Amino acid sequence: MTKERTIEKVVEGIEQSEGVGARVRRSIGNFETREFNPFLMFDHFKSNGPAGFPEHPHSGQETITYCLSGSICHEDFTGSKGMLYPGDLQFMTAGKGIVHSEMPVEGKDGSSAQLLQLWVDLPADLKSCPPRYRDLREWEIPTYTTEDGLVHVKVISGKSYGVESIKELAYTPVDFYHFILKPGAKFSQEVNPEFNYFLYNMKGSGLKIGNTPVRQYDNVFFNQDGDIISGSSTGETEFILVGGQKLDQHSVHHGPFVANSQEDIVKKIMDYQFAQNGFENKRNWRTLISNGVTDEMINGPLNGNPEVRQKQKQKYLQEHAQVA
């Protein structure tokens, strides 16, 4: 017999400054919700200009970046460079340390760059692992639409309505679903009893979980007391439902640094300042994109040429159509 998860609390994502000239709506990692094991921070970013996130460090965590509109360029001190377009995700493991830049680019139609970013704690024994990236392109994400056409879900990570994601993307296990509801829709999602879950309404109105209305930019945090989350909508709504494996550990974080103790935090900050113990590449690295992104960069080192991307998509779809 299934049991509905109950709501612990609903938190509005309050807009605040972040990066250089950027504005984000933060609903995890603020005063009201310091963290939600294993999640350390959650931001909804929207840019109407060149504001972004020039070079900055991370350690002891993973980040999940989901591009909703426009595009986001990234680079790091290992030499990795690339671009995310609408529907793409990037899973970055900071591990023992990384320095990177993330700069938004407006769409050719003038649409603003908009993204979600989630910081996820790493298990204690993986906090010093080598950094790595995994990109997930929008065409790699399986989807499902209910027979009545009212519920559409992108299965980024996990299993929904019998459809499973295609990749293991994070060291800390996560479920990640993007739901799009039409008026009159009812949705239901089975959840892992060992995971904590939250639901963030990024667009639209009319969403309800039980009798609780969920406004745009509200983040709903669930108690760990059931195996299903369901709701309904009287309007057009888009939200993400995200779950993560609870970690039986105590972590300390200071800004972008996450460690197992306060002593380790101090050491990691010193490592960053002196470019040692994982941050050695900082000594000779010079950022390409932190002062702005040009078409030459997009078509060159960032590997973001739209025509090349379209060919990659067509090739992938053809290959998987043959397999099917």
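Using the three backbone atoms N, Cα and C, a Cβ is placed for every residue, glycine included.
Curation does not apply to TrEMBL; its annotations are automatic.
Copied from TrEMBL, the annotated features are:
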- 22-120: domain 'Pirin N-terminal' (DOMAIN)
- H56, H58, H100, E102: Fe cation binding site (BINDING)
- 177-276: domain 'Pirin C-terminal' (DOMAIN)
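Positions of the features from TrEMBL, shown on the structure.
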| residue | record | CB count, 10 Å |
| --- | --- | --- |
| H56 | Fe cation binding site | 16 |
| H58 | Fe cation binding site | 23 |
| H100 | Fe cation binding site | 26 |
| E102 | Fe cation binding site | 26 |
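Under the DSSP three-state reduction, E102 (Fe cation binding site) is assigned to strand.
Residue counts for the domain 'Pirin N-terminal' (22-120) under DSSP, split into helix (H, G, I), strand (E, B) and coil, are 0 helix, 65 strand, 34 coil.
Applying DSSP to the domain 'Pirin C-terminal' (177-276) sorts its residues as follows: 12 helix, 53 strand, 35 coil. The residues near the Fe cation site, meaning same-chain residues not in H56, H58, H100, E102 whose C-beta sits within 8 angstroms of the mean position of the site's C-beta atoms, are F53, E55, P57, T63, H74, D76, I98, V99, S101, P256, in sequence order.
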